[in-house]
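Student: Positions annotated as signal peptide by Swiss-Prot: 1-19. The active site annotation in Swiss-Prot covers 46, 54, 88.
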């Protein structure tokens, strides 16, 4: 019974661990990083649970363009959980119509599930669907995940 106490505390503290930002996207850096104007300053957001191709990687520019078409200049809602080691907020991004942008990027084949850190059980299902239907980066016979591509560079 005692081993479940930390889990129960975590579950009940979840609402305290996350917060929302509402703001206009002022910059799209790549397929998984945006800047949102929050009150008076731009806040860098790293989309949680996904990893998009790097700009110089195959499909990198396409992934960035996909993100731009979804959110550039639009007001989004970001549910953020924490900051990463680079100071970026890790968050779930929702388009003005409520669409989950993180999930859309994976479904479109514009990003991988960041399996090492993923907490969204829907993402692997969406990635398998994109792979089977050869969407986006999955149209490549052997796409290289960004974490492997970065390691090689």
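Placed from the backbone N, Cα and C atoms, the Cβ positions cover glycine too.
Tell me about the surroundings of these features in the structure.
Tutor: DSSP assigns residue 46 (active site) to a strand in the three-state reduction. Here the Cβ of residue 46 (active site) has 22 other Cβ atoms within 10 Å, regardless of which shown protein chain they belong to.
Its Cβ placed at the centre, residue 54 (active site) has 21 other Cβ atoms within 10 Å. Secondary structure at residue 54 (active site), taken from DSSP and collapsed to helix, strand or coil, is coil.
DSSP gives residue 88 (active site) a coil state; it is part of no helix or strand.
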Student: Using Cβ atoms only, which residues of the same chain lie under 8 Å from residue 88 (active site) while being at least 6 residues apart in sequence?
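Tutor: Sequence-distant Cβ neighbours: 33, 44, 45, 46.
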